[in-house]
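Encoded as structure tokens, the structure appears first; notes follow it.
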Amino acid sequence: MDKMGHHGGRLFWVVLTILRQKGLKHRGPDWSGLHQHGDCYLAHQRLAIVDPASGDQPLFNEDKSVVVTVNGEIYNHEELRKKLVNHKFRTGSDCDVIAHLYEEYGEDFVDMMDGIFSFVLLDTRDNSYIVARDAIGVTSLYIGWGLDGSVWISSEMKGLNDDCEHFECFPPGHLYSSKTGVFRRWYNPPWFSEAIPSVPYDPLVLRRAFENAVIKRLMTDVPFGVLLSGGLDSSLVASITARYLAGTKTAKHWGSQLHSFCVGLENSPDLKAAREVAEYLGTVHHEFHFTVQDGIDAIEDVIYHIETYDVTTIRASTPMFLMSRKIKSLGVKMVISGEGSDEIFGGYLYFHKAPNKDEFHHETCRKIKALHQYDCLRANKATSAWGLEARVPFLDKQFINVAMSIDPESKMIKKDEGRIEKWILRRAFDDEEHPYLPKHILYRQKEQFSDGVGYSWIDGLKAHADQHVTNKMMRNASNIFPHNTPTTKEAYYYRMIFERFFPQNSARLTVPGGATVACSTAKAVEWDSAWKNNLDPSGRAALGVHLSAYNAETPLSNMPSKVIDNIPRMIEVPGVAIQS
């Protein structure tokens, strides 16, 4: 898997690979592609979603001088083809535009693409190459360097960790060029500077932006469905999909009957809520159950596939990993999911404690920038482990620009005004004439995925870790794991498994650390002094801000009607009264 080439009078080895068939075949069971040019190698495992008949990779320009391997979806590919009138396309694949865009615009074409992607493009005319990753990092990508001068690119860490002296996450929204040997950020939206925006909130503008984000993700030539937990985000995705599916090309091929999928422990909050939403929307609903033991048995596989030791990510990835296997067995190859909303709108429960709109906005910016290390990592790898693709409309570039330009004062949580978390999103879809969702679902309070599948799931994980990690082991934790030292037995247990699969120092550096409460960044922990003694990533750690806090702190006569209407339904769910 080597390549010898010359640049600037220097001899070096370059190895290009999106994945290695040996360890990453799960990501694309439909086709194995390998292209060699001299000692450059591009390898690809394809999961065929658009143009499954002719879109096999690598992809080429007309004379095959430009070669591309890519993981992703380019939603505006038809529009881009119209700009490339002098080019002849070999396939109907949405990704076929990449090589031709490069011919026309050079390295500056990346921001023209609307979609998710990680790609390597080899220009055989001068043996140069570029590598790029989508804006937020929905698709996963790693880069590594060998002692022999080789450069490795892989969708997963396991594709290069044994061959590289150093490797790291390829930064989202960046491009790497072999001509310069440096990373350049191509994604430069207004919100990235974290300056406080001032655009007035317009619910109809926000609504239409999100509808557009969902509709463009209905581009598929294979069976698909939606992940439906019954919470606000996934329910809105399902509602919009069900509303607009009938008029799409996809419906002509596969029908307009939407399939929805949910996973949880028996009688968990998510299962009940998802069942109700599915009935309201008329979807063909598939409900998958798992036991705590099923989840525990899968932990090692989850850590191997997700490639992290982050506690929150592993807790939430395990049910999703189990569900993805079931979904794929039904012949479904793509699902639309609700990741990203909580980061954009401050939906996590700890945002109740944001001291002002400036701090609120800065935290949302920090959360979005870190998504590739958490929820995007989970959504991409938990699904691709079984050859399933996840699409996330909340992380649409245009939608993010709209949502992050709104004055954050409108996002602030104000209980006395009936403004719970993500109030502006809820209001945007609160349509009396043509309702998207039942009111109590539209105003259902946040359940983190790992909580919503059933609170006993987290308790079971902690109990299992307690059986495998002793107090003596914890006393030596800082000596065994000096970087990101685990502070709980559960974290220690995950770290042991991770280090067994990925023992390199580069591997442990790919996982973020720092204090967190209810999924906050370390900076937001400063918002409440009480959190310093309750650093747990579960939503239950955000003391006093779940619905029970409204009940305890606010007389019914002073409570907003929308909150009152939702109290009976929400507090009957097991475990909803948050305890430390």
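In case you wondered, yes, glycine gets a Cβ from its N, Cα and C as well.
If you look up TrEMBL, you'll see 1-181 marked as domain 'Glutamine amidotransferase type-2'. Feature annotation from TrEMBL assigns L-glutamine binding site to Asp94. The ATP binding site annotation in TrEMBL covers Leu227, Val263, Ser337, Gly338. Look at TrEMBL and you will find Glu339 tagged as site 'Important for beta-aspartyl-AMP intermediate formation'.
Location within the structure of each feature annotated in TrEMBL.
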residue : record                                                        : Cβ neighbours (10 Å)
Asp94   : L-glutamine binding site                                      : 25
Leu227  : ATP binding site                                              : 26
Val263  : ATP binding site                                              : 29
Ser337  : ATP binding site                                              : 25
Gly338  : ATP binding site                                              : 24
Glu339  : site 'Important for beta-aspartyl-AMP intermediate formation' : 26
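Distance between Cα atoms for Leu227 (ATP binding site) and Glu339 (site 'Important for beta-aspartyl-AMP intermediate formation'): 10 Å, as a whole number. The record assigns Leu227, Val263, Ser337, Gly338 to the ATP binding site, and the maximum Cα to Cα distance across that set is 14 Å. Geometry remark: Ser337 (ATP binding site) versus the residue listed as 'L-glutamine binding site', CA distance 21 Å. Counting only the Cα atoms, the space from Glu339 (site 'Important for beta-aspartyl-AMP intermediate formation') to Asp94 (L-glutamine binding site) is about 23 angstrom. As a whole-number mean, the pLDDT of the domain 'Glutamine amidotransferase type-2' (1-181) in this prediction is 81. Cα of Val263 (ATP binding site) to Cα of the residue listed as 'L-glutamine binding site': a span of 31 Å.
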